[in-house]
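Quick look at what Swiss-Prot annotates:
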- 1-22: signal peptide (SIGNAL)
- Asn40: N-linked glycosylation site (CARBOHYD)
- Asn59: N-linked glycosylation site (CARBOHYD)
- Cys72-Cys101: disulfide bond (DISULFID)
- Asn147: N-linked glycosylation site (CARBOHYD)
- Asn163: N-linked glycosylation site (CARBOHYD)
- Cys214-Cys347: disulfide bond (DISULFID)
- Cys232-Cys263: disulfide bond (DISULFID)
- 336-356: compositional bias 'Polar residues' (COMPBIAS)
- Cys369-Cys420: disulfide bond (DISULFID)
- Cys378-Cys444: disulfide bond (DISULFID)
- Asn383: N-linked glycosylation site (CARBOHYD)
- Cys397-Cys402: disulfide bond (DISULFID)
- Asn408: N-linked glycosylation site (CARBOHYD)
- Asn438: N-linked glycosylation site (CARBOHYD)
- 487-519: compositional bias 'Low complexity' (COMPBIAS)
Amino acid sequence: MLLNSLFPSILAAATFVTSAAAEDLPPIEIVGNKFFYSNNGSQFYIKGIAYQQNNLDSNSTFVDPLADADNCKRDIPYLEQVDTNVIRVYALDVTQDHTECMQMLQDAGIYIIADLSQPDESINRNDPQWNLDLFERYTSVVDKFHNYTNVLGFFAGNEVTNNVSNTDASAFVKAAIRDTKAYIKAKGYRTIPVGYSANDDSDIRVSLARYFACGDEDESADFFGMNMYEWCGSSSFKASGYESATDDYKNLGIPIFFSEYGCNEVTPRKFQEVGTLFGSDMTDVWSGGIVYMYLQEENNYGLVSVSGSSVSTLQDFNSYKSEILDISPSSVQASAESASGVSRTSCPTNTDNWEASTELPPTPDKDICDCMSSSLKCVVADNVSTDDYSDLFDYVCAKIDCSGINANATTGDYGAYSPCGAKDKLSFVLNLYYEEQNESKSACDFSGSASLQSASTASSCAAYLSSAGVSGLGTVQGSVRTDTSEATTDSGSGSSNSGSASSSKSTSSSTSSGSSGSKSAATAVTVTTLTKIAAVGVSIIVGFGLITM
């Protein structure tokens with residue numbers, strides 16, 4: 001009798017678990033300067049943790065944190081203990097499969113914000129470029145992860161501009177944002193926000209944020225992250241600088257959050273800033289933050305230490321847990337935010353502290369570069385190492401005008417072939433030199449570094465080459481190509497349909513239906529908990545079955 005009375009309830013619970021586990025997290029959408037769940041319009045606050053080994057200064061290798069299912073299985077329960085709903089990952093290997101980790105994160109109610117670059121494929125502040133190689137890297141990450149609805153967004157750059165000496169580099173990052181957004185749209189993927197993560201340099205931070213937020217929506221950042229380390233030890237809203245920062249960004253018009261935070265100048269960290277960040281002084285402007293970082297390393301920023309499959313929580317973990325579980329931020333509905341009509345900020349003017357032009361670098365277009373390369377008679381030899389390119393550039397460009405391959409983001413002047421790859425650009429200037437020397441055979445040698453080829457111009461190339469001009473000083477309108485990426489989409493769940501995130505399913509039983517930061521949200525039954533209930537239920541059924549046999 002007892003079994004008969006329990007069975008319907010247990011079966012119902014098990015059925016609910018199966019349904020919940022299969023349900024995708026609703027995409028997060030942007031309305032005004034806030035994030036919202038797309039399924040019910042409730043506000044979403046980022047309660048995040050940076051999740052990657054800190055080996056990103058290397059130019060060769062990095063560890064993809066989402067390609068190791070065992071590590072994800074080990075770490076996610078600890079992320080859940082501190083109510084994490086976002087992790088930030090800084091570099092991903094598109095040749096790996098991420099299905100298992102992404103599904104485990106999905107089941108735990110955790111979204112990701114992923115950087116599109118990797119250590120040796122990123123925009124270099126000292127020699128900024130937005131070229132075909134970078135475009136293909138960025139779009140390969142998009143192709144790999146677009147299908148997961150728990151991808152909150154992408155960062156197109158991290159601290160690329162970090163002081164007054166390199167503000168021009170921001171133009172290249174903004175061009176990357178423009179073209180990544182255009183690529184997502186052209187591929188028919190769901191709307192996935194693309195933003196930027198900045199350092200907190202007092203001389204440029206306001207202009208930097210305004211630069212990325214301003215202008216046409218097709219080329220502006222969808223959100224802005226600030227790596228904020230001003231609050232150290234015991235401080236306050238005013239003394240920490242949080243008050244002035246909040247005032248600085250109150251009219252930005254797009255979501256802003258701490259893309260890193262957690263000063264460790266005073267240890268152990270108390271994380272008293274958490275209550276302020278999610279309190280009434282800041283939540284109208286800020287949308288939460290991402291604690292730096294999960295793993296303990298030499299930099300002493302870790303919340304846990306790891307040895308193989310074993311995890312040990314540190315004092316910082318316990319302090320953060322105490323603070324983050326005690327927040328109860330106010331929230332609004334997307335409909336109310338939409339009605340408020342938040343407007344975007346205006347672009348900064350060029351000053352001594354800000355020199356990035358609002359005229360952005362051109363879109364990398366493989367067709368244009370291929371047409372140019374095929375039309376050349378003198379080209380760099382295939383056996384020349386890319387390490388030797390700089391010497392050849394220096395020599396040739398000291399003798400001829402290389403403006404056709406150069407990019408000046410201060411004046412907004414860009415050569416027609418500036419987005420092409422290094423080999424194509426070097427061949428172009430070698431050919432210019434060769435032609436200026438009346439095509440003397442000796443002018444296409446460079447000690448064996450150059451060689452002659454048969455030039456050809458396809459009919460489809462004529463318009464490109466004519467617009468660019470012989471010296472590449474003309475203007476050629478590139479277009480976003482959708483057939484350049486070699487990355488394949490992971491087999492994980494998620495919608496790949498086009499259109500706004502708001503077109504997603506109207507219900508989700510695996511995520512909070514209210515504010516992600518509220519205390520009540522923390523008491524919601526998670527999929528993990530329900531799975532345990534189902535397992536217990538099955539055990540009870542088996543046990544009673546054995547008893548009645």
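Placement of Cβ uses the backbone N, Cα and C atoms for every residue, glycine included.
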When distances run from the Cα of Asn40 (N-linked glycosylation site) to each of the disulfide-bonded residues Cys214, Cys232, Cys347, the nearest one: Cys214
Candidate with sparsest Cβ neighbourhood (10 Å radius) among Asn40, Asn383, the listed glycosylation sites: Asn383
Candidate nearest Cys263 (disulfide bond) in space, where candidates are the recorded positions Cys72, Asn147, Asn163, Cys347, Cys402 and distance is Cα-Cα: Asn163
Neighbourhood of Cys378 (disulfide bond), C-beta criterion under 8 angstroms, separation at least six: Ser427, Leu430, Asn431, Tyr433, Tyr434, Glu435, Ala443, Cys444, Ala450, Ser451, Leu452, Gln453
Nearest of the recorded positions (Cys72, Asn383, Asn408, Cys420, Asn438) to Cys347 (disulfide bond), judged by Cα-Cα distance: Asn408
Separation of alpha carbons, Cys72 (disulfide bond) and Asn383 (N-linked glycosylation site) (Å): 43
Proximal residue to Cys232 (disulfide bond) among recorded positions Cys72, Cys101, Asn163, Cys369, Cys397 (C-alpha distance): Asn163
Collapsed DSSP category at Cys101 (disulfide bond): helix
Count of other CB atoms lying within 10 Å of the CB belonging to Cys214 (disulfide bond): 20
Structural state of Asn147 (N-linked glycosylation site), classified by DSSP into three states: coil
Among Asn147, Asn408, the most crowded of the glycosylation sites [Cβ within 10 Å]: Asn147
Fewest other C-beta atoms within 10 angstroms, as judged across Asn163, Asn438, which are the glycosylation sites: Asn438
Between Asn438 (N-linked glycosylation site) and Cys397 (disulfide bond): CA-CA distance (Å): 17
